[in-house]
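Structure first, commentary second.
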Amino acid sequence: MKDLEPSIDYTKLSEFTVERALASIFWMDESGRLQFANETAQVLYGYSAKEFKALNITDINPNFDSKSFAELWERSKKEKKVRLESTHLRKDGTEIPVEIFVNHLEFEGKAYNVSFILDITERKRKERLLRSVSETTSDTLGGDFFVALVENISRSLEVQMTIVTECTDSSKARLRTLAYYKEGRLQENIEYDTVGTPCQFVVDNSDAWLIETDVNKKFQREDGVEGYFGVPILSSENDCIGHIGIFHDAKLMLSDEEIEILKLFSDRAAVEIERKIANQKLIEAAKEVESLKDRLEAENTYLQEEIKFEHNFQEIITQSAKFRSVLSSSEQVATTDATVLILGESGTGKELLARAIHNISKRSDRPLVKVNCAVLPANLIESELFGHEKGAFTGAIAKKIGRFELADGGTLFLDEIGELPLELQSKLLRALQEGEFDRLGSTNTIKVDVRVIAATNRDLQKEVEEGSFRADLFYRLNVFPLYSMPLRERKEDIPLLTRHFVNRFSAKIGKKIVSIPKRVINSLQGYHWPGNIRELENVIERSVILSSGRALELGDWIPRTESQTITSDFDTLHEFERKYIISVLQKTAWRVSGEKGAAKILGMKPTTLESRMKRLQIKRGISG
Ligand SMILES: Nc1ncnc2c1ncn2[C@@H]1O[C@H](COP(=O)(O)OP(=O)(O)OP(=O)(O)O)[C@@H](O)[C@H]1O
């Protein structure tokens, strides 16, 4: 070789090559004592040339003892060349994974083992990373996959923190961790805004980003972070749906191969996130089906109740100019979502009016749900209105959907609102104002879109003054008051209504009544009708039953004289109602229930009549 370039000092060149070779080079004798270590070794292990000379190979290779070194000596003597992988110790005690090529040589009559040692830290890390890819991706799914992912990346790259995230919405401004591993431990998941973090670039640009150093200088929020790597997670439509973020408190060096491996991880994470989203959608759909089923069942039972207990829905019959103007106001308000309060005495057709408003409103294809606040015992009204969860109170053996929820999209008719207990009035107010409420025994707020029509035969204004009705609820209900006039203020309707009821009842019981004599109409118009249209309806039903011919006969039921003391003034309403009930009870010899009972005449359930008698302090034998 010297012949090739005479000007070069080949002895020096060989020496230089040995000292600066890529590999660390050790010469050791049969006892394992280091005779020589090149400069590369001095840099890698941190010992000086002199310090090396005082060492035995077993000092830097803790896996070796004199016996195992003797075996290697023999083997290398025989085979001349041996390759092995091991872990060596630096002077500071840190470990270096190494690949060693051992050459057995004789020099100036003495035998040596010459080791060429390569630092394979990078290679080992990549191998670990690759192994973890296959382990993580082969047998974990869903949440376990994300956990295994962050744990494996952190361990194999020996980085401080790894997260895998998903975007909380399409704006991509906020990320939620699906798994979060920091300082050797899995952490609680968090949500954070991307602004001021390197993740923002990754998610916004759907691009990987490696920042080897100075992350904390570029991003003030990333205190203590030196190196960062982020890789986007892309959906099957190539939309960024999250990212994998690696944060390190020292310089972060990643080879191209490692970056490629991390991208593989992100592809797998995309599949998992999409699977998770699909699962959530399935669960939501199942819940929706469940709640629709509940609702249908509830609506069905409700409808059956309605069919059993409620009256027919007939047209409102009137020719009274005054009442027509009430109807035209009703038509105007029907098209809006405004709360309507219908005022008027019992039996004047308040419910009929409420139904008519609902029927011509844009909500008519959804149900009109009725709650009679006077019929239900106070302790049941709340659960009736708002529903309850299973076990909410003793006796709540199953979940119940409240009438408010049932009326979602439709109209809720709150009859006899004046009877609503004070403690429930505030809950009703919240439901009216916010459109939301909680089922009894649940903290989940339910939002509904319900139009409320309330009705009362009480003077609510007066009850507000007396403190038995909340003023705020009254003003909330009284947005659009309608006055359902008593029959005595529209006597011109009596002939029409009589004809209407005669037709209805004669068809029902199979009689042919073709005429209504003038004297019958006169006597009907001469009466003051304290029970209003319901009373007229009942009188006509009885008359149709009693009539033996083709003309309507009244029998002797209608009182000949009209009480002059009764007025429609709301201030005397209680008194008026009281007197009326007493007069009917006197007529039925104080019989409340049965065909001949007062309840039937008054068009009430016997229990309702009894509770009203109690409220009005009506006792047997009392006179009006
Ligand atoms: N204008 C009308 N035309 C035909 N029928 C009517 C009319 N007004 C009321 N009725 C009938 O009179 C009866 C009583 O009416 P409704 O129940 O609507 O009265 P209400 O004011 O709601 O009574 P309450 O206050 O006791 O609940 C019902 O059978 C109803 O169909």
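Here the Cβ of each residue, glycine as well, is placed from N, Cα and C on the backbone.
Computed from a predicted structure; not experimentally measured.
In TrEMBL, the coiled coil annotation falls on 275-306 of the listed ranges 275-306, 531-562, 563-594. Assigned with DSSP, the residues of the domain 'PAS' (18-52) fall into helix, strand and coil as follows: 14 helix, 10 strand, 11 coil. Counting same-chain residues at least six beyond the ends of the domain 'PAS' (18-52), those with a Cβ under 8 angstroms from any Cβ of the stretch are 58, 60, 64, 66, 69, 73, 88, 90-92, 96, 101, 110-119.
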